[in-house]
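Annotated in TrEMBL:
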type	residues	note
BINDING	A:12-15, A:36-38, A:70-73, A:93-95, A:122-126	NADP(+) binding site
DOMAIN	A:123-276	domain 'Meso-diaminopimelate D-dehydrogenase C-terminal'
BINDING	A:149, A:174, A:200, A:250, A:277	substrate binding site
């Protein structure tokens, strides 16, 4: 077997494709194959990649060091996370915040029994943002923190727009409120809900002859999704939508504003500006695959989150090199 | 012994005072005493704190869980780091970047032999900035990163100003170039030296009757310190200096601009805006004292850096609580 870390991918959507790219950027890693529920022969000619049926994964137990699970949190991961942790070291991006404790327990049971490491819920939120929330509150124990998302496409809100009568297509961006961010950067610590912190921008392609004002009203008054937010609706052509809104940018901020000593203001801010959300998430998963591999080699087992993993495990450099070059 | 983490402090300068404040903000910690080279009786009435001679520290071996070393990197820590690691778990802020590998080895020898944990070189740079450099380059392996310092007081440059003939007092601020930061945030990755990234602002109190233009010329042309930078010199009164320039603000940015996939631009930025550099550094050291204590309880020994410590160790919360509340 090669001395490179042998990586497998489960699922070939945007995230899985991002992981393929990320592995190419990391010379210490090698992609063994991609496991899919679809017919592998449909992909066979694609860029020299190897595709296999997901049901054949078990026969790769001795050929793959880490399996990166690129399915969704709604239905794929609750099933795949615990199953694959019985066979492989795994990394996933399970992001249903409320269900993380339960998911952790299921995956942990499998991983402990099998002697594998399973890094769950990594990416940028949960993931990098979580680390920053934890570290900032541990350092500035008296303070307030704020997480802002965007500017980025919200899939759920885009779907909601597309269900409105007369709408042919549409995209919704969640946009953090610059005004609120500047107040916090300036040292204020206002009480804010998610809706205070964000505005919603919609780009809509209407059916020919549809009543645009009626569509606009229906969107801005939609309960849960839009009615409590400042929402703008822009009508554009199908061509404009394709040209200007087909990328998946995202990003956001974690800001903690705290005090030390006699009311001394200290502000920690972490921000991401991403041209592609899935490609960036994939890069985070790939770095954590290196960590999973190394932890497993050290005899560690069980489910782990970003909170449990020392930063040094993410880097291909040795501890000596890290101390010399980056400390 | 109390169930709280019993903390000692070595050195009572700005950093040591900051640690006293930080411990008060952390209910799981208790300050046992402050060890100083000065005469302890000189401090005895101060805020109910206990002061001891540094030479008496050894008798506190069983009473202190972690000793936070608040001396300077030039002469105090090279001696105190290895000595105290023979007796206590320690945390320090050794920040002479070029000497970190050597310092690590000395402290590690002591700590391994004594079975103690010694967290070296923590604070914000080295420390939090180092973590961000490491994580950002591990995630965006193709990219460029930039560290900017400031706006903040540089002690070395302030001292250089005060040595100029005709100068009564002065303070120098290192200021990151907003123009350069905005170019990087916009996606450019220029080649930059430290001097391209920063400008220098001086506030000078001249002796009565001194030739201000001559002072200005001497400062801006001073080799190593100012001649290669854009430097501004402002003359102010002693009162203005005391009123407006007696705080110790600092901060800075670590920005990595990288690409994924087919030239997709991704930007990670970490920034600090600090009203007090020593109080913030003290808060970081205090959080790492918690980590040192816990690692030691798990049987870990030897010198550690921020790269070796999982984020969860910094928080007083349990892993379950962290996963539920912060992930």
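Glycine is no exception: its Cβ is also placed from the backbone N, Cα and C atoms.
Chain B comes close to A:126, taken from the binding-site residues A:72, A:94, A:126, A:149, A:250 by a C-beta to C-beta distance under 8 angstroms.
Comparing Cβ neighbour counts within 10 Å across the binding-site residues A:38, A:200, A:250, the minimum falls on A:38.
Taking the Cα of residue A:12 (NADP(+) binding site) as the reference point, the closest of the binding-site residues A:149, A:200, A:250, A:277 is A:277.
Residues A:149, A:174, A:200, A:250, A:277 are the ones the record ties to substrate, and the longest Cα gap between any two of them is 18 Å. Of all the binding-site residues listed here (A:72, A:123), the one with the fewest other CB atoms within 10 A of its own CB is A:72.
Take the CB of residue A:126 (NADP(+) binding site) and look out to 10 A: across all protein chains shown you find 24 other CB atoms. Looking only at the domain 'Meso-diaminopimelate D-dehydrogenase C-terminal' (A:123-276), the predicted model's pLDDT averages out at 94. DSSP classifies residue A:15 (NADP(+) binding site) as helix under the three-state reduction. Closest by Cα distance to residue A:15 (NADP(+) binding site), from the binding-site residues A:149, A:174, A:200, A:250, A:277, is A:277. The Cα of residue A:38 (NADP(+) binding site) lies closest to that of A:277, out of the binding-site residues A:149, A:174, A:200, A:250, A:277. Under DSSP, residue A:38 (NADP(+) binding site) is assigned to coil, being neither helix nor strand in the three-state scheme. Cβ crowding, taken as the number of other Cβ atoms within 10 Å, peaks at A:94 among the binding-site residues A:12, A:94, A:149. Long-range Cβ contacts of residue A:277 (substrate binding site) within its own chain (separation 6+, distance under 8 Å): A:152, A:153, A:248, A:249, A:250. Considering only the binding-site residues A:149, A:174, A:200, residue A:123 (NADP(+) binding site) has A:149 as its nearest partner by CA-CA distance. Looking only at Cα atoms, residue A:149 (substrate binding site) sits nearest to A:126 among the binding-site residues A:72, A:94, A:126. Counting every protein chain shown, the number of other Cβ atoms lying within 10 Å of the Cβ of residue A:15 (NADP(+) binding site) is 23. DSSP classifies residue A:72 (NADP(+) binding site) as coil under the three-state reduction.
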